[in-house]
Amino acid sequence: MGKAVIAIHGGAGAISRAQMSLQQELRYIEALSAIVETGQKMLEAGESALDVVTEAVRLLEECPLFNAGIGAVFTRDETHELDACVMDGNTLKAGAVAGVSHLRNPVLAARLVMEQSPHVMMIGEGAENFAFARGMERVSPEIFSTSLRYEQLLAARKEGATVLDHSGAPLDEKQKMGTVGAVALDLDGNLAAATSTGGMTNKLPGRVGDSPLVGAGCYANNASVAVSCTGTGEVFIRALAAYDIAALMDYGGLSLAEACERVVMEKLPALGGSGGLIAIDHEGNVALPFNTEGMYRAWGYAGDTPTTGIYREKGDTVATQ
């Protein structure tokens, strides 16, 4: 095994240079870089991949630029319903929450489910009460709200549409997938993954996508790979996208790059799915494939300068240490 490494994403979609100002680009790049740098420092200090991805996603949830935690989109009923998942590649233990509205950081609740319950997934009020009983603060759902997200809900209603994230500059938001995630390989050779989302603008209350589902939007196994997905959740569920990467590597003998190409560029589009994913294999190779115009992403080996990206760049989808 080589050096420890982390990768994060903040959603994929029809991201156009023409629609985004330099100032807007810099806001995203600075946020992504800072979060990856935090993860790199944690890895250098010998912290576990599980702790690193949990903290990275918590920071993404705290950033209103992304559709997770603060800045989450609205449901049709003008509420917020958040989902998250974490998975430890060393033990294959996982935890997830779905449809929570009063927990500031759903990824921390998912971690509690994994470590302090016999379950893998908990939903709604039961998940919230479980987290409250273990020290998490109850917050008003209003903390997740932003004026931009509300404007996007109104626009979606006007169009009679359910959209994957928000509408309006700087993106063609009807095609933007609002999810955040992190994957990491630590100095002990352990992999971990975490994913969190606010879901779809104008979604029906109770809808759950791929993000909190082990094997669909989040997966980690030390024998192969850690994966976090972003895209059309219903299709990622049907395709078991995250696990399919691992299966193609384990049973098909494909490399990380080959498995990602097969899933993201062939299998998902065949089902009408768009989006992308981030993945790190057990050897420390990194892949960041997407079949949309862009994906907010960043990655870096411990001790190196982070690499960030928004748009499609030639040769940037796979990195080998």
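Placement of Cβ uses the backbone N, Cα and C atoms for every residue, glycine included.
Swiss-Prot annotations:
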ACT_SITE  T179  active site, nucleophile
BINDING   R207, V208, G209, D210, T230, G231, T232, G233  substrate binding site
Cβ atoms near D210 (substrate binding site) (within 10 Å, other residues, all chains): 31
Position of peak Cβ density within 10 Å, selected from the binding-site residues T230, T232: T230
Reduced DSSP assignment, G233 (substrate binding site): helix
Among R207, V208, G209, D210, T230, G231, T232, G233, the record's substrate binders - longest CA distance, Å: 16
For T179 (active site, nucleophile), the three-state class that DSSP assigns: strand
Cβ atoms near T179 (active site, nucleophile) (within 10 Å, other residues, all chains): 36
All-chain count of other Cβ atoms within 10 Å of G233 (substrate binding site): 29
Alpha-carbon distance [the residue listed as 'active site, nucleophile'; T230 (substrate binding site)] in Å: 6
Candidate nearest T179 (active site, nucleophile) in space, where candidates are the binding-site residues R207, D210, G231, T232, G233 and distance is Cα-Cα: G231
Around the Cβ of R207 (substrate binding site), the count of other Cβ atoms that are within 10 Å: 17
